[in-house]
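Enquirer: First the structure, which I've put down as structure tokens, then a few questions once you've had a look.
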Amino acid sequence: MSCYVWFCFSLFDICICSYSVPAGESEDHASNRKQRSKLSLQMYLQCSRSFHGTLTFRHLHLLDQVYYGQAKCMLQRVGTWNFDIFLFDRLTNGESLVCLTLELFCKYGLIELFGLDPLRLHSFLVRIQEGYRSRNPYHNSLHAADVTQAMYCYLQEPKLSESLTSWDILLALLAAATHDLEHPGVNQNFLLKNDHFLASLYQNSVLENHHWKSALSHLRESGLLSHLPIEDRHRMEERLGSLILATDISRQNEFLSRFKAHLDRKDLNMSSPEHRQFILQMALKCADICNPCRPNSLSTCWSHCVTKEFFQQGDVERAHRHDVSPLCDRHSNSVAIIQKSFISYVVEPLFVQWARFCDTPLSHCMLGYMKQNKKYWSNAGQEDLMDNAQTTCCKVLPRGT
């Protein structure tokens, strides 16, 4: 039985054991209602939106006999690069981020190692999942789940798995799950042009600072780490910020130059906390933009999702008579144009250097898929395949909360 099933049935036992008979209700009636609760809990267990940390009943296929069996089988292959996160999201009824992250916490034994309260952990992950805007075509909880799964694959690489500490692993998974938390579905340039309140809060890396601060807010409110020494918590929060801030695409050249310099000098020392943190930053950057390195069937779906979000921003800018941001004009761009440029100038330089660092089958597999997808978009020419993509990817995949 997978760790996540054990966790869910632990919640089940807690709810049933804590059941009390309301005043004025007969024991027989209470017994019948208690039995109905047992039967219904498997399909209706979920945290309330209004009262985080308490359990309510609403429709959820997570433990449904058919859907759960398939999701359980998929989790056995969670460390494979061709893991279909779209299918997993369907099987968990849009709960992919919660299910996948809990599974990884259990795989690494983080609940026991850090003395985490399972109920608080579940509540925290539900809060994180709900903090992503499901209306965003791309920057939603499914993207966060995909990045978390990719991060897990990187954590399994020998150079990382043999040197990372439990703190490193905990931080890597938390950063992956929260790295785009409360993303508004528009880029930093849009926020600055429209004098958005977020732009007034942070002088640089506006979105990334917002994701980090939102993650800290949920961590503190959930009390997930409140039992740890305050010095450890503060150090963890700063390291978490360091990882999330590294995903700012405007800092790509800065990190890439530093990475290349380390590789050229061959001076990366994984016993150094500073170097391990830097490698986790690079791993999260790779996980964040790894879509073009996935199998074509998955990569194309992601390509259309992100292009749809770009074009939605462009439509809003045009409606307000603002200059349309680069890549956001549906009249002068296409999925193919955007992807060819993105792969050539952003993805390929990063993953070539990552393959120098991790010279493994996974690294070569990612480069192979990247070349295939680059060729695919080159052959697509100027055609905009958005309508076809929405039919084959987006419309058949129900989103979660």
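Counting starts with 1 at the first residue shown.
Using N, Cα and C of the backbone, Cβ positions are placed for all residues, glycine too.
According to TrEMBL, the active site, proton donor annotation covers H139. What TrEMBL records for H139, N140, S141, L142, H143, D180, D288, Q339 is AMP binding site. Sequence annotations record features per position, and here TrEMBL assigns Zn(2+) 1 binding site to H143, H179, D180, D288. Under the heading Zn(2+) 2 binding site, TrEMBL lists D180. Sequence annotations record features per position, and here TrEMBL assigns domain 'PDEase' to 63-384. Residues or ranges marked as signal peptide in TrEMBL: 1-23.
Let's see these features in context: how buried, what's close, how far.
Expert: Long-range Cβ neighbours of H139 (active site, proton donor) (same chain, at least 6 residues apart, Cβ-Cβ under 8 Å): Y132, R133, D180, H183, G185, E309.
In this view, D180 (AMP binding site) is surrounded by 26 other Cβ atoms within 10 Å of its Cβ, with every protein chain counted.
Listed in sequence order, the residues of the same chain lying 6 or more apart from H143 (AMP binding site) and placing their CB within less than 8 Å of its CB are Y132, D180.
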Enquirer: Please give the AMP site's span as the largest CA-CA distance among H139, N140, S141, L142, H143, D180, D288, Q339, to the nearest whole angstrom.
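Expert: This binding site's residues have a maximal Cα-Cα distance of 22 Å.
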Enquirer: Let me make sure I understand the structure: which of the binding-site residues listed (N140, S141) has the fewest other Cβ atoms within 10 A of its Cβ?
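Expert: With the binding-site residues N140, S141, fewest surrounding Cβ atoms within 10 Å: N140.
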Enquirer: Do you know the mean pLDDT across the domain 'PDEase' (63-384)?
Expert: 96
Enquirer: Reported as an integer number of Å, what is the Cα distance between Q339 (AMP binding site) and H179 (Zn(2+) 1 binding site)?
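Expert: Taking the Cα atoms only, Q339 (AMP binding site) lies 22 Å from H179 (Zn(2+) 1 binding site).
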Enquirer: What does the structure give for the C-alpha distance between D288 (AMP binding site) and H179 (Zn(2+) 1 binding site)? Integer Å is fine.
Expert: 9
